[in-house]
Every structure is written in C-alpha cells, then in structure tokens.
Amino acid sequence: MSEPAGDVRQNPCGSKACRRLFGPVDSEQLSRDCDALMAGCIQEARERWNFDFVTETPLEGDFAWERVRGLGLPKLYLPTGPRRGRDELGGGRRPGTSPALLQGTAEEDHVDLSLSCTLVPRSGEQAEGSPGGPGDSQGRKRRQTSMTDFYHSKRRLIFSKRKP
C-alpha cells in the first residue's frame with residue numbers, strides 16, 4: 001500500500017502536520033470578523049452593566065457604580081518600565097489602568113502578594129508514623145473505586161406470566 005514515487009505530496013509546513021481544510025485564510029476578513037464580534041460583546045456588556053469598559057466610566061442606568069476604598073490594585077497589575085502600556089505581541093497599545101480608577105490609591109492600599117516557601121526535613125519519629133499523624137495512612141494502598149461504590153447495585157425483578 002505504498003504510493004508511487006510520482007504521487008508523493010510535498011508537505012508545505014515542513015515536518016509538521018499541517019492541513020487547510022477550507023482553503024487559504026483571509027487574515028483581513030478574519031480581523032474584521034473578530035473586531036465586529038468584540039464590538040458586539042462590548043456593546044452587550046455596556047448595556048447589561050451600565051459601564052463603558054473602553055473608557056472605564058460608569059453610565060446612567062440600573063446600577064449605581066461607586067469606588068471601593070482600600071482595595072487598590074497590587075503592584076503586579078500596574079504597568080511599569082519603559083514598555084509601559086505596550087502589548088507584547090505586535091507592539092500595539094494594550095488597555096491600561098484608568099487614572100479614574102487609580103485616583104486616591106496610596107502605597108499602603110496595595111496588597112503584598114509575595115509568598116515564601118521553606119522545606120522542613122522530617123524527623124525520624126514522624127517518618128515512622130506517629131499515631132494520628134499524617135503518616136498514618138502511608139503504608140496502606142487504596143483500592144480502585146468501582147461504579148458500585150457510588151451506586152448501589154440492585155437486582156432487576158422480571159415478572160412473567162406463568163403458563164397453565
């Protein structure tokens with residue numbers, strides 16, 4: 001079942017498997033479709049939440065938006081450095097934090113999200129398994145669960161008419 005030497009196809013993507021099932025991709029049409037879909041989603045969210053997510057301003061409507069004090073953004077989310085506000089992909093502008101939202105935040109409002117981890121060696125007494133300790137169940141193997149562990153098995157009763 002080998003193909004003849006003249007019918008060998010060249011893989012256009014090199015060694016990777018690559019198929020175009022529906023023809024070439026029109027990138028301009030794709031970007032227009034994505035932009036239209038995004039605009040529709042933004043408009044739907046704007047009408048639902050009475051908030052303009054593009055300019056980050058509240059709108060008149062069912063909801064009354066107010067600033068929550070003391071919940072400032074962590075430093076992780078604030079833009080820093082010479083590439084401030086630049087997208088890593090393509091160099092376009094990415095949405096930054098609005099000055100209206102950051103107004104009134106101070107250094108003490110930021111939450112410190114740093115964590116530290118230290119390894120603690122086990123002592124010989126705990127490794128042997130003290131009663132009630134975490135090493136108590138290490139020696140036993142767990143059996144594999146089956147369907148009957150979750151559902152009780154029942155016998156099906158079949159009533160048939162007896163012949164006279």
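Quick reminder: no glycine exception, Cβ is built from N, Cα and C everywhere.
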S114, S153 - residue that Swiss-Prot labels as phosphoserine: S114
Phosphothreonine according to Swiss-Prot, picked from T80, T97, T148: T80
Of the residues S116, S146, the one that Swiss-Prot lists under phosphoserine: S146
For the zinc finger (13-41), residues assigned helix / strand / coil by DSSP: 15 helix, 0 strand, 14 coil
Sparsest-packed of the listed modified residues (T80, T145, S146, S160) - C-beta count within 10 angstroms: S160
Spatial neighbour of S160 (phosphoserine) that is closest, considering only the modified residues T80, T145, S146 and their CA atoms: S146
